[in-house]
Each structure stands twice: as C-alpha cells, then as structure tokens.
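Here is the structure we will look at, set down as structure tokens.
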Amino acid sequence: MAGDRLPRKVMDAKKLASLLRGGPGGPLVIDSRSFVEYNSWHVLSSVNICCSKLVKRRLQQGKVTIAELIQPAARSQVEATEPQDVVVYDQSTRDASVLAADSFLSILLSKLDGCFDSVAILTGGFATFSSCFPGLCEGKPAALLPMSLSQPCLPVPSVGLTRILPHLYLGSQKDVLNKDLMTQNGISYVLNASNSCPKPDFICESRFMRVPINDNYCEKLLPWLDKSIEFIDKAKLSSCQVIVHCLAGISRSATIAIAYIMKTMGMSSDDAYRFVKDRRPSISPNFNFLGQLLEYERSLKLLAALQGDPGTPSGTPEPPPSPAAGAPLPRLPPPTSESAATGNAAAREGGLSAGGEPPAPPTPPATSALQQGLRGLHLSSDRLQDTNRLKRSFSLDIKSAYAPSRRPDGPGPPDPGEAPKLCKLDSPSGAALGLSSPSPDSPDAAPEARPRPRRRPRPPAGSPARSPAHSLGLNFGDAARQTPRHGLSALSAPGLPGPGQPAGPGAWAPPLDSPGTPSPDGPWCFSPEGAQGAGGVLFAPFGRAGAPGPGGGSDLRRREAARAEPRDARTGWPEEPAPETQFKRRSCQMEFEEGMVEGRARGEELAALGKQASFSGSVEVIEVS
C-alpha cells in the first residue's frame, strides 16, 4: 500500500521545470488544489483533482477511481500501459512526512500509488514553483477591473502619498502627521476631510482647511466641493503643493480629488474616477459620495450651458440685430391664426421703427430667441402650392333657381387659391333638382338668392389667414317658389319627367338613358353647351369624354324630346298626384382634385381644364313611391 512506502519521493521546482521544458512525454502533473485556485493559475499542462470533502470521502470509500477524477484530456495518460511518472503538488507543502493521514493530499497520494509506479510530491508546492518559474505557469488572464464607478478598491495595505497632479497629493492621516515626508515632498497646504483627524502642528491655520464630514451614507459632501476646489487653487496660485486626506485616503479625500479633476480638467465623473484610480488604486468612495459626484457633474453641465458663448456675458442675452437706418425691415411670412399674436408682439419688439424711435427695452432670452426664429420663417413656393392644394368642402341644398335675364358667358375656372373642392348637391323631398345657383362668391349670383343662417361668410380677399377647409350651405326655397321650373335639364337625371309634363305611369326612365360610366377612353368631362342652356349656372354639367363640342347640346335636346313623349305608353308605376312630387330626393356627391392652373382661361379652355383634372364621383338616385 501507499502508506507503507516511506519515505515518499519528492521533486524540486528546478527538476520539474527541466522535465516540462523537455516537451511531450514528460510526467503527469496533478494539481490537488481547489478548482478556483487551479483556474486562476497553475503549472503548465497540469490537470486538476479538486480537493473537496465530497471527493475525499468518495476516495476513502472507494466509490470513485483516479481515472474518473482526471479530466478527459489527460485520461489517456492514466490508461496508458507504459510506465508513467506522476508529480503532485498543492499550494505550499514542503515536507510530505508531516502530512496528516486523513488529509486530502495523503489520501490522493495513496490512491495514486496503486495506479502508477512513480509518484512524487513537488517541494514547496505551487507557491515556490510559480515564484521561480512563472513562465511555466498558465491560467486565465486576470479579470479587468470593472469600468463602473462602484469598482472595489485593490488590497493595497499602505501606499503612502500619491501624487495626482503636480500640485495635488492624496494621502491618509498617517502620511500628513509625518513631518519629514511632508517636507520631503514640499507640501505646505493641508485639506482635512474628516471630523476626527487632528491638524498637524507644523501647518499654520491659513494653510489648513477642514471639511467636517464622516464616511457614511448620510453626509453631504456636495456643498463643500466648491470651497475645497477654491482652497486647492489657492495653493496652486501660491506655487505650493497641497494634500487632501482623510483617515485612510480612500473615500472622502478621493471624492474631493475626483471633483477637482472634473472641474479643472473638464472630465466626466467616470473619467475623473479612472484618472485618480490609475494613480491611487486603493480609492473606493462610498455610493453616497458617488451619487453626489453625479449631481456635481450635472451642475457643471448646467453651468456650462447657461454660460453659452464665452464671448457673451452670462445672464445678459445678446440683443437681436437691428437693421441699418433707412434699410427695410425683413419681410415676415403671413402669420397663421396660431402665431398671429406672437408675430405682432415680436414685430413691436424687433428693433428700430421706420420713424427712428429708440429700441424697446431688452427682452428676456427666450423672447429674443423666439423673435429671431420668427424672422427666419419663410415658406417656399412649393409649400404655398401644397397649401392651396388642400381640399375644401361645401354643401348646397337646391330646390329651384332660374334667372332668365341673367345668362353667364360660360363657366370659368375657380378663383385663384380655390383648389379642388368636394361638392355635395342635396335637394329635399318634394323639390325639383336642377342646376346649382351661383355661389355668393360668383359675380353672376342671383340677387334674390338668400343665404342660409348657418353659412359661413367667405373671408376678405386681403385676409392673410385662410382655413384650408371651407363649408358653404345655400337654400333657395324662396327663389324656387317665385321662378318657373324651366331649363333645368342640364344636371337632371336622365329619364325624369321634363318641365311642364305630368307624371305618368313609368315616370322613371330605364338606366340606359343615364350617362355612361367613366372609362379610360370615355372619362367624365365638362360640357360647355349644357352649361349655356340654363341661366345662373355655377357648375358645368358632366358627360362622357366623347360628348364635348356641338354634339353635347344635340344629345341633351334628343333627351328632352324623348322625355316629351307621352308617358302613358310606359307602364309599371302609378301616376303621381301633384307636380310638386314629380322630383324626389336625389343626392350627388362628387369629389375631384385638380392642379393649380397658372393661366386662368375662360370659355373655350374649360374642356382642356376638364381633361387635366382627375375625377371620381358617385350618383345615387332614389325614387320614393
């Protein structure tokens, strides 16, 4: 057994190093330390058998073999038939004879003796070997320090004074009370960031400052930062060195040093922390002070934003540039309804007036910025055209309107600025549907037309603000009762009873008389002849694209003649009792869009305008029996 083989073989670090340098075929090196220690640093090409209590108990009970404990990469060496030398090491064992019988290393050695012919223990363990031959050790690289502000301090017991800047030192109470050390470094100013640390006897009161705070999570260090920075700058102006210290030089004094770097070097709190940490790795401000450093960083950014341009005094807004004498004021775009009041106020404060009046008192910075922004507002011609292309909508309720003495020359294009419209023609039940009467905007409007109370008047032509959507409603009830129903067939639905005809059976005409559905080769278009067939017309009738020209009027006359035929030849519907009920409620809703027309043509150019327009419409005719 292994316990009978005494004394046990040993191997020193030099011999193991020579064997490892010999290349492949060397001894099997077993690391008996914990997995954490092995993973951090271990001998080159060694394998680990973790020294846990569970592994120790299972080895003692014989429930696990050495081959099962060794990593798969080195298992081939264990299972080899050729003789294999084994070297075992722990952390620092120098003499195997002093090992306890129940120790993990003793149990492991006894089990290895049963599997291998030559088992030796490394003298001095890994500590001796790594110090003599660090190049023959390997492991994962040391983890980088976390880059956050809350990284822990390194275990440096005593680092002494640390020079952060040529005139700034960081230290502890022990360093400050060492007069020789202070004199050697030429330090004559002391900033004490504690309540309990005494003042050095060799430092005068004028060169000593105390920040009475404790290192806990309730102290407020932020109010003292500016005073501390002024004290450090005072020492710098005197060409002297200053030391900032607390009890250990880790938390409170380090916070003040970080704040000084932030203020003087323009660094962020994170960068300033790393700057000081690189020079004194033991610093570790508590989270309370770290949070106050973040608040101090925000205050510095706010101060820099308020100061703005270095050439402009802080707190004094730069006055807006005033135009030269006799020079015209910059033209402002037409104010909208939302900015009219603001624009007027800005215009009153915009500098010298044309009469040479003195400028108004300086306005607050926000008002000056608003005035400059308003002066720079300009709308391009494309934006103006896009504004004019917005849809407008209005509705007309028409019973009948006819003015024989008034005859327009022809329908013309809409007024400038009045772009594509949404038209809705709606007549109540029992009223005749005819051509719409001129709108109040048209010069041919009938004088007897009376607007409905809810109609919104059109804004004056000179008004700069115009709503993109207009609503208009007209009621011609009185005109319908005073004027005859003649010449209203231009927009009447085909097949309806003509003027002056009694309603007979089958008053509704078949849909074959209706205008054809618009198609690519026969789209909707305007009909000038139909427009001239009635008085007081605002909108031209619509027909097929093949109809414009002289043929359009002849088609309408043929439809009039067809409607003039006796109605008794048609059967199917009972006769209407009264002329007032001949025409029933009909609705027509049309929506069309058209581009802006540069040259406003009249009369003969209407057909070309209709071809340029894109039209979509729907007609619904309801006959109530």
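We count from 1, first residue shown onward.
Yeah, the Cβs are placed from backbone N, Cα and C, and that goes for glycine too.
Here is what Swiss-Prot says about this protein:
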ACT_SITE  Cys246  active site, phosphocysteine intermediate
COMPBIAS  380-389  compositional bias 'Basic and acidic residues'
COMPBIAS  431-448  compositional bias 'Low complexity'
COMPBIAS  555-570  compositional bias 'Basic and acidic residues'
DOMAIN    23-138  domain 'Rhodanese'
DOMAIN    160-302  domain 'Tyrosine-protein phosphatase'
REGION    306-586  region 'Disordered'
In DSSP terms, the domain 'Tyrosine-protein phosphatase' (160-302) comprises 70 helix, 22 strand, 51 coil
Across the domain 'Rhodanese' (23-138), what are the DSSP residue counts per state (helix, strand, coil)? 50 helix, 20 strand, 46 coil
Same chain, 6+ residues apart, C-beta under 8 Å of the C-beta of Cys246 (active site, phosphocysteine intermediate), given in sequence order: Ser172, Gln173, Asn192, Ala193, Ser194, Cys197, Asp215, Arg252, Ser253
